[in-house]
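Lifted from Swiss-Prot, the feature list:
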- Lys96: N6-acetyllysine (MOD_RES)
- Lys132: N6-acetyllysine (MOD_RES)
- Lys223: N6-acetyllysine (MOD_RES)
- Gly305, Gly306: ubiquinone binding site (BINDING)
- Lys357: N6-acetyllysine (MOD_RES)
- Ser551: phosphoserine (MOD_RES)
- 577-606: domain '4Fe-4S ferredoxin-type' (DOMAIN)
Amino acid sequence: MLVPLAKLSCPAYQCFHALKIKKNYLPLCATRWSSTSTVPRITTHYTIYPRDKDKRWEGVNMERFAEGADVVIVGAGPAGLSAAVRLKQLAAAHEKDIRVCLVEKAAQIGAHTLSGACLDPGAFKELFPDWKEKGAPLNTPVTEDRFGILTEKYRIPVPILPGLPMNNHGNYIVRLGHLVSWMGEQAEALGVEVYPGYAAAEVLFHDDGSVKGIATNDVGIQKDGAPKATFERGLELHAKVTIFAEGCHGHLAKQLYKKFDLRANCEPQTYGIGLKELWVIDEKNWKPGRVDHTVGWPLDRHTYGGSFLYHLNEGEPLVALGLVVGLDYQNPYLSPFREFQRWKHHPSIRPTLEGGKRIAYGARALNEGGFQSIPKLTFPGGLLIGCSPGFMNVPKIKGTHTAMKSGILAAESIFNQLTSENLQSKTMGLHVTEYEDNLKNSWVWKELYSVRNIRPSCHGVLGVYGGMIYTGIFYWILRGMEPWTLKHKGSDFERLKPAKDCTPIEYPKPDGQISFDLLSSVALSGTNHEHDQPAHLTLRDDSIPVNRNLSIYDGPEQRFCPAGVYEFVPVEQGDGFRLQINAQNCVHCKTCDIKDPSQNINWVVPEGGGGPAYNGM
């Protein structure tokens with residue numbers, strides 16, 4: 001059940017918006033209106049308030065059942081499933097018995113998967129050379145490839161020359177959730193133990209500091225943090241090697257970065273938020289196999305982003321469309337969701353949708369840092385693959401093929417080490433250094449290196465258009481071999497400017513036909529969580545959202561969240577506001593954890609199975 005967004009009925013708040021008080025006065029007003037003698041408790045999660053200090057937990061049995069495996073994989077996306085499949089393929093070919101366990105927080109494989117998606121099939125075909133015979137859902141080869149620059153009223157076509165990264169010749173338009181579901185079936189047929197609905201909540205360590213495995217999350221905890229009568233401790237899964245394939249900005253990967261200092265020699269990751277819808281359209285507007293990409297309006301030149309519109313051949317006139325907004329944007333008044341809704345009204349987009357019906361909505365963060373932001377990938381007992389470390393080719397607008405290849409290479413490296421007659425390890429958890437070496441010698445590394453300067457080239461005075469000029473000159477001539485590497489501008493959360501330095505953005509109201517409100521959109525994601533559990537959007541300090549984020553940045557979390565999770569509502573007594581977290585609405589996009597200017601929000605897993613229920617997104 002979704003939580004409806006509260007109506008901000010506070011007279012002071014309404015007065016501010018009605019009179020459009022000058023932006024220079026906002027921090028002063030916000031601080032005064034937010035003044036309150038006590039800060040209401042928001043966070044009740046045990047990661048913030050440890051249970052060993054809570055009397056309500058005295059006498060509760062906290063023992064966990066443990067299982068052992070050779071390899072444990074966290075996350076059933078393209079990378080995790082590729083690793084699982086390749087491991088079992090190798091085990092069968094060499095008649096080896098290797099136990100592979102894969103845990104996935106979604107209730108069904110593919111239910112948390114969201115992507116455009118236009119697939120470069122190279123790695124997929126390598127993994128499944130007989131994919132046609134097995135009925136893989138690659139139904140829509142690209143037949144037409146278009147790119148354009150949008151102004152408010154016009155579309156300026158740009159030719160896609162052979163060799164440029166955005167060329168889609170030979171690619172397929174896919175519903176990635178369906179493809180992942182099919183891969184899950186292949187993995188199980190090979191003997192992989194797949195456990196959907198089990199969220200990996202904790203990294204376990206040996207006494208020597210190497211990774212021992214993971215623990216799934218506890219269930220049966222009340223919203224206030226007390227144990228229910230149905231409380232059950234999570235399961236421990238121990239392994240010789242644990243593969244972390246959580247996807248973009250994984251919460252366990254965050255811990256591993258700190259534990260093993262994996263980002264010591266790379267730049268901070270930079271991200272985008274991708275918002276997507278599926279529509280059934282009028283058949284006369286349907287062009288199966290057409291791929292459309294644009295940059296420009298509704299975003300300004302200093303806000304990185306772009307759109308996609310893909311015509312699928314799935315037995316009905318179906319299109320997938322979306323907008324990606326770089327999370328290094330500076331204006332706290334920007335709402336990626338409302339920019340997406342506005343984009344659909346462009347004269348080159350709206351005619352495709354008129355007379356159609358929207359059937360699905362979702363959102364997910366994606367990595368945009370590229371080559372410069374790749375961390376160290378291996379550590380004692382584990383390794384990172386896929387979108388967790390970030391192998392997306394940004395100008396190509398693709399990361400599934402590189403994620404799959406990283407999973408394949410990880411599996412081959414692990415298999416070699418597990419089956420080596422001279423297996424030796426300085427730590428209890430195996431350190432598979434061969435994986436990183438093999439990746440650096442693969443086409444993945446070469447591909448990402450060749451486009452390393454395109455995303456940071458958009459930070460110049462010309463913004464996105466400067467990046468296009470750079471691509472046209474240097475990539476076209478030098479193919480990424482220029483003797484320099486551009487840098488990013490720091491972490492995304494650092495880029496946000498105070499509200500007083502920015503202009504509020506006036507968004508048009510949704511018309512209910514082409515554009516829609518937030519709550520009706522989230523309803524189409526199938527999102528659901530157990531209501532009586534602690535919010536998994538935790539705050540390190542409950543006072544910061546009002547005292548800092550609202551005061552200085554006008555509460556950007558109420559805009560950057562694409563699911564209406566965060567609201568500033570009037571306090572029940574006295575003047576001021578408090579932050580309300582509608583955790584049930586969360587679509588697990590991770591944007592809040594990334595963009596919060598105070599880095600106060602920490603996303604952790606809810607009870608397993610909760611979250612969106614995407615169907616082929």
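Cβ coordinates come from backbone N, Cα and C, glycine included.
Annotated features taken from Swiss-Prot, shown on the structure.
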residue: Lys96; record: N6-acetyllysine; Cβ within 10 Å: 14
residue: Lys132; record: N6-acetyllysine; Cβ within 10 Å: 10
residue: Lys223; record: N6-acetyllysine; Cβ within 10 Å: 13
residue: Gly305; record: ubiquinone binding site; Cβ within 10 Å: 25
residue: Gly306; record: ubiquinone binding site; Cβ within 10 Å: 22
residue: Lys357; record: N6-acetyllysine; Cβ within 10 Å: 11
residue: Ser551; record: phosphoserine; Cβ within 10 Å: 22
Secondary structure composition of the domain '4Fe-4S ferredoxin-type' (577-606) [DSSP: H/G/I, E/B, coil]: 8 helix, 8 strand, 14 coil
Alpha-carbon spacing, Lys357 (N6-acetyllysine) to Lys96 (N6-acetyllysine), which is rounded to whole Å: 51
Candidate nearest Lys132 (N6-acetyllysine) in space, where candidates are the recorded positions Lys223, Gly306, Ser551 and distance is Cα-Cα: Gly306
Structural state of Lys96 (N6-acetyllysine), classified by DSSP into three states: coil
Ser551 (phosphoserine) - helix vs strand vs coil (DSSP): helix
Residue pair Lys96 (N6-acetyllysine), Lys223 (N6-acetyllysine) - Cα distance, angstrom, rounded: 46
Inter-residue Cα distance where the pair is Ser551 (phosphoserine) and Gly305 (ubiquinone binding site), in Å: 28
